[in-house]
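Report on one structure; see the data block that follows.
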Amino acid sequence: MVVSREKKSLMVAGIIIGIISVVLVLLGNPRNMGFCIACFYRDIAGSLSLHQASVAQYARPEIIGLLLGSMLISIFKKEFKPRGGSSPVFRFIISFFVMIGALVFLGCPFRMILRLAGGDLNAVVGLFGFISGIIAGSVLLNKGFTLGRSYRQSNVEGGAIGGIFAFLLLILLFVPSLLSFSTSGPGSLHAPIIFSLLGGLVVGSLAQRNRFCMAGGIRDIFLFRDFTLLSGLVMVFVAALGMNLVTGNFMLGFEGQSVAHTNVLWNFLGMALVGYGSVLLGGCPLRQTILAGEGNSDSAISVLGMLAGAAFAHNFSLASSPQGPTVGGKVATILGFVLLTTIALTIIYGNKKKEATNGN
Amino acid sequence: MNQFIATFHSQYGAVQFLKHARDYHIDCRLAPVPRILSSSCGTCAYYTYKDWNPGFVMKDLESIYKASDTSYELVFSNEDTL
């Protein structure tokens, strides 16, 4: 079997990312949470006192590293291309609900893979939901959904989000008293700052070079029968699984998993909303972070939308806990599906009308 | 006949391209953009035609490359400038 260079590079990157993810757990991160884009934005929101959940407050250096790693490598490789202006408000709303879905499930797609690799069977349910959401979103893409094209923007605009996160890093390093820190719960569990930052920088660079996208990998199978992107994700799973087995971090089952609940319906629907929103946005939360690093200000808006979503999720008790989903979380998830579908259908209808008027 | 690859500013552009190509009986398929052409994980259209211009309005078109077994040659660019 001939494996393309692109696929080979993705698979190697996947192995490295999987290993780093488990190493970060060994160094102090919560179990199956070497990386979780949603949980980490939630922790950052808490650290900035945008919400008051005392167990979820820490300015996660992994996220800072991911974004800055992507930015530095894209500048170095001359791929830093500031672009934006593609429906920023819709993107904010969609990413807001992607975050709500992720916090109802308790993890982004990246963590879903790490949870699978740790033997957490609740993540299998999440995976089915994620795939369903991606298929639904892909149908809308084929029907003519678009958030509109983006346009070239200035380097200052493209780099602004990097500046914000670099500033956050400086605060974390030199004026940490400005931030809130959990003393118990998942927010209190973390690897030393330098390792978290390095892990983020390496994974951010690899994800930028290889276009890692959890949603894209599954979307490409559905749209084109193309398995390139998926091959990288499979290797993340395989490497993390191997590391978990070797280090005794593998625990098969539904019950007693770290930062997870066992409610089948809402594990499914939470991740379905994440998959659905990710396809409409053009990428999963990890991909949005990497694109923001490449100078894409639409993705920077998505990052801000996710931060806002995380703050709302805890201020209004929408996020699940290990005891299960909340009533507010269930309502917000349904509201998310309704709102995203309404936005999508309105756009599709508008485009069809325009096509009919223009006769093409 | 030559093989071309069209890249787009939106997924919508790619879907519209495929629709028009079918109307014009041009051999065309959508696929992920090759990494070497772009860091975007968007969709491109592979099509076979005598020259790069298939003769219909191409929405949200970004670039067109002529593809050979070993390389891609840029033949049209719609990159906007500041």
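From the backbone N, Cα and C atoms, a Cβ is placed for every residue, glycine too.
Annotation source TrEMBL lists transmembrane segment at A:9-27 (among others).
Among the features that TrEMBL reports, transmembrane segment is placed at A:88-112 (among others). Only residues 6 or more beyond the boundaries of the transmembrane segment (A:88-112), in the same chain, are considered here, and those with a CB under 8 A from a CB of the stretch are 32-33, 35-39, 41-42, 123, 126-127, 129-130, 147, 214-215, 259-261, 266-267, 269-278, 280-281, 284-286, 288, 297-299, 301-306, 308-310, 312-313, 318-320, 325, 329-330, 332-333, 335-336, 339-340, 343.
Here TrEMBL flags A:124-141 (among others) as transmembrane segment. Within its own chain, the transmembrane segment (A:124-141) has Cβ neighbours under 8 Å at 105, 107, 109, 112, 115-116, 214-215, 218-219, 222-223, 264, 267-280, 344, 348, counting only residues six or more beyond its boundaries.
Within the chain, the transmembrane segment (A:161-183) has long-range Cβ neighbours (under 8 A, six or more residues past its boundaries) at 43-44, 46-49, 54-59, 61, 63-64, 67-68, 71, 193, 197, 292-293, 297, 300, 303. Taken from TrEMBL, the feature transmembrane segment covers A:161-183 (among others).
Sequence annotations record features per position, and here TrEMBL assigns transmembrane segment to A:189-207 (among others). Same-chain neighbours of the transmembrane segment (A:189-207): 13, 16-17, 20-21, 23-24, 27-30, 33-35, 58, 60-70, 72-73, 169, 172-173, 286-287, 289-290, 293, counting only residues six or more beyond its ends whose CB sits under 8 Å from a CB of the stretch.
For the transmembrane segment (A:227-252), the list of distant contacts is 4, 6-7, 10-19, 21-23, 25-26, 31-32, 34, 113-114, 116-121, 210-214, 216-218, 220-221: same-chain residues at least six beyond its ends, Cβ to Cβ under 8 Å. Per TrEMBL, transmembrane segment is recorded for A:227-252 (among others).
TrEMBL lists A:264-286 (among others) with the feature transmembrane segment.
Among the features that TrEMBL reports, transmembrane segment is placed at A:298-319 (among others).
Per TrEMBL, the feature transmembrane segment maps to A:331-350 (among others).
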